[in-house]
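Peer 1: I'd like to ask you about the structure that follows.
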Amino acid sequence: MSSAEGAELKKKETEEVPNVVHQSETDAVSGHGVTHAPDPDFDEKKAGFAAYKGDAIEAENVEHDMGVIQAVRAYPMAAFWALVMSSTIIMESYCVFLMGAFVAYNQFMDEYGVVDKDGNKAIEASWQSALQVGGPLGALVGVLIAGPITSRIGYRWATIGGLMFLNVFIFVFYFANSLAVMFVAQLLEGVPWGIFIANAPAYCSEIVPMKLRAPATQMLQMFWAIGSILVGGVTYALQGRTDASCYRIPIALQWMFPTPLAVLIFLAPESPWWLVRKGRLEDAAKSVRRLGRASRLEHLDESVAMMRRTIDLEKSIKEPSLLELFRGTDTYRTLIVCGVYAAQNLTGNLIANQAVYFFRQAGMDSQTAFALGLITSALQTIFVMLSWILTTYLGRRTIYVWGSLINVCFLIALGVAASVGPSKSASLAQASLGLIVSVGFTLGPAPASWVIIGETSAIRLRPLTTGVGRASYYIINIPCIFLGSYMLNPTGVNLGGRCGYVWASTGFVCFLLAWIYLPEMKGRSYREIDILFNRKVPARKWKQTVVHIGDDE
């Protein structure tokens with residue numbers, strides 16, 4: 001249906017809606033009050049819904065007809081505030097890669113390591129895993145509390161609170177003088193990380209128009225890569241130092257982020273979808289006004305009506321609960337989000353997160369390993385930007401499914417390169433394939449997964465779904481960190497590049513499940529996504545299924 005047809009339907013429906021308020025009228029002759037009896041067949045809820053359905057259809061048509069460039073021009077501030085919220089991911093990325101770099105630091109190993117079987121100092125596999133698992137453990141708590149907190153107070157204040165707590169927890173990390181205290185510091189810092197990672201994809205997907213959902217949510221992966229670039233640059237510059245400043249300075253640099261971001265997010269508008277869920281329609285209209293250009297002011301009512309229509313279709317105005325995530329079709333939606341999050345750990349991501357340490361174990365010297373780690377991070381940032389184009393035009397399912405399969409092939413090749421015996425050429429092949437796996441992951445599965453996570457859940461359940469989904473990430477991430485460290489560490493089984501066989505097998509399972517169950521949501525409004533899930537359309541048939549603009553179910 002065209003925009004003109006939508007406007008005509010809006011006019012027709014408005015004319016057909018009976019008067020909701022039955023007022024007393026005065027008879028012109030006698031002067032007596034005449035009270036009209038209410039129509040027994042009148043449904044006030046349906047009448048009210050019909051009154052703004054035309055506006056909703058008009059707004060949805062406008063979004064469908066809008067191109068990517070048009071969307072950026074119409075909603076420039078929405079793109080800006082999505083960028084600001086996405087940048088909170090830098091802090092988790094920075095610290096995750098920092099711990100991966102510390103265990104490869106000569107000075108850090110000399111101070112906190114033990115002598116291995118070759119007579120060299122190394123951080124014990126158990127402590128190496130503990131340091132890297134502390135953050136995810138804290139983040140697991142953070143994502144579980146993020147949903148209920150955000151549902152109650154909104155994305156802005158939940159995120160600002162997390163940033164202020166992070167400022168305090170960095171002190172613990174900076175003054176830590178043992179591996180045990182560093183573990184506790186990582187545990188504490190992880191709690192606000194969980195709030196950021198749960199809120200950012202949901203907020204970004206809600207404040208931008210349909211055609212910008214992919215690039216807006218994929219900025220999360222870009223900022224993850226930027227965090228690793230910052231770590232790579234700082235650690236490369238400091239890795240030659242022979243005192244504690246080589247790791248104290250990178251820790252202190254974490255204070256660069258929380259306060260400036262808190263100020264920016266305080267100035268940001270709240271998600272209009274969250275405001276509509278709360279019944280604050282005037283505030284939602286103000287939020288939409290702040291997200292778009294002045295030329296969009298005439299469409300404020302239509303935009304809010306579109307949100308009301310989608311939320312009303314979810315048939316509930318009560319506060320969402322965790323139990324609702326596992327009822328009816330919401331179970332399927334929750335499992336998709338959980339599965340996509342969990343799969344990030346099983347398709348080569350851990351090699352990317354431990355790139356510097358992996359390069360050391362592949363036979364590179366310290367300076368070369370840190371340089372390769374920095375190159376990897378820079379390439380990841382470039383490839384994330386390329387993925388914006390691929391995901392926007394080819395679709396989420398296509399990039400995620402086939403990107404996962406390609407990554408599996410490179411992981412097998414990595415295992416083969418590590419199995420031919422020790423040699424300089426084999427070490428170079430392992431390093432090259434490790435770099436390809438790390439970079440390839442950021443072109444396909446990683447950025448596409450953020451878009452899928454932001455689009456899949458029901459609107460009213462979104463804060464809870466993204467929180468529980470990220471919790472599944474950490475539940476898988478924690479044992480995988482122990483496994484990954486044990487496979488690479490010389491005090492463990494010392495598999496080196498042969499770990500590619502392990503990750504290839506888990507990655508192939510993820511590919512199969514995604515091919516069977518992951519639907520294509522490219523170009524779908526949230527209303528259409530709700531309807532397709534409710535109709536229980538098989539995942540591989542979503543692309544061909546037509547949802548009429550007037551359908552409400």
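Backbone N, Cα and C atoms are what each Cβ position is placed from, and that goes for glycine too.
Pasting the feature list from TrEMBL:
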REGION    1-38  region 'Disordered'
TRANSMEM  80-105  transmembrane segment
DOMAIN    81-522  domain 'Major facilitator superfamily (MFS) profile'
TRANSMEM  125-145  transmembrane segment
TRANSMEM  157-176  transmembrane segment
TRANSMEM  219-238  transmembrane segment
TRANSMEM  250-268  transmembrane segment
TRANSMEM  369-390  transmembrane segment
TRANSMEM  399-421  transmembrane segment
TRANSMEM  433-459  transmembrane segment
TRANSMEM  471-488  transmembrane segment
TRANSMEM  500-518  transmembrane segment
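Any idea what these are sitting next to in the structure?
Peer 2: Per-residue pLDDT, averaged across the domain 'Major facilitator superfamily (MFS) profile' (81-522), gives 82.
Outside the transmembrane segment (125-145), and at least 6 residues removed from its termini, the chain residues within Cβ reach (under 8 Å) are 92, 95-96, 99-100, 102-103, 112, 162, 179, 182-195, 197-198, 354, 466-468, 470-471, 474-475, 477-478, 481-482, 485-486, 489, 491-492.
Long-range contacts of the transmembrane segment (250-268) within the same chain: residues 81, 84-85, 87-88, 90-91, 94-95, 98, 101, 156, 159-160, 163-164, 166-167, 170, 173-174, 230-231, 234-235, 238, each at least 6 residues beyond the stretch ends and with a Cβ under 8 Å from a Cβ of the stretch.
For the transmembrane segment (369-390), same-chain residues at least 6 beyond its ends with a Cβ under 8 Å from one of its own Cβ atoms are 97, 101, 104, 214-215, 218, 221-222, 225-226, 228-229, 231-233, 235-236, 239, 352, 355-357, 359-360, 399, 431, 435, 438-440, 442-444, 446-448.
If you look at the transmembrane segment (399-421), the same-chain residues 6 or more away from its ends with a CB under 8 A from one of its CBs are 340, 343, 347-348, 387, 390-391, 429-430, 433-434, 436-437, 440-441, 443-445, 447-449, 452, 495-501, 503-504, 507-508, 510-511, 514-515, 518.
Only residues 6 or more beyond the boundaries of the transmembrane segment (433-459), in the same chain, are considered here, and those with a CB under 8 A from a CB of the stretch are 201-202, 204-206, 213-214, 216-218, 220-222, 224-225, 273, 277, 307, 310-311, 314, 330, 333-334, 336-337, 340-341, 343-344, 347-349, 351-352, 355, 358-359, 362, 372, 375-376, 379-380, 383-384, 386-388, 390-391, 396, 399-400, 402-404, 406-407, 410-411, 413-414, 417, 465-466, 469, 497, 500, 518, 521, 524, 526, 529-530.
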Peer 1: Can you say which of 80-105, 219-238, 471-488 has the most Cβ pairs under 8 Å with the transmembrane segment (157-176)?
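Peer 2: It is 80-105, which has the most Cβ pairs under 8 Å.
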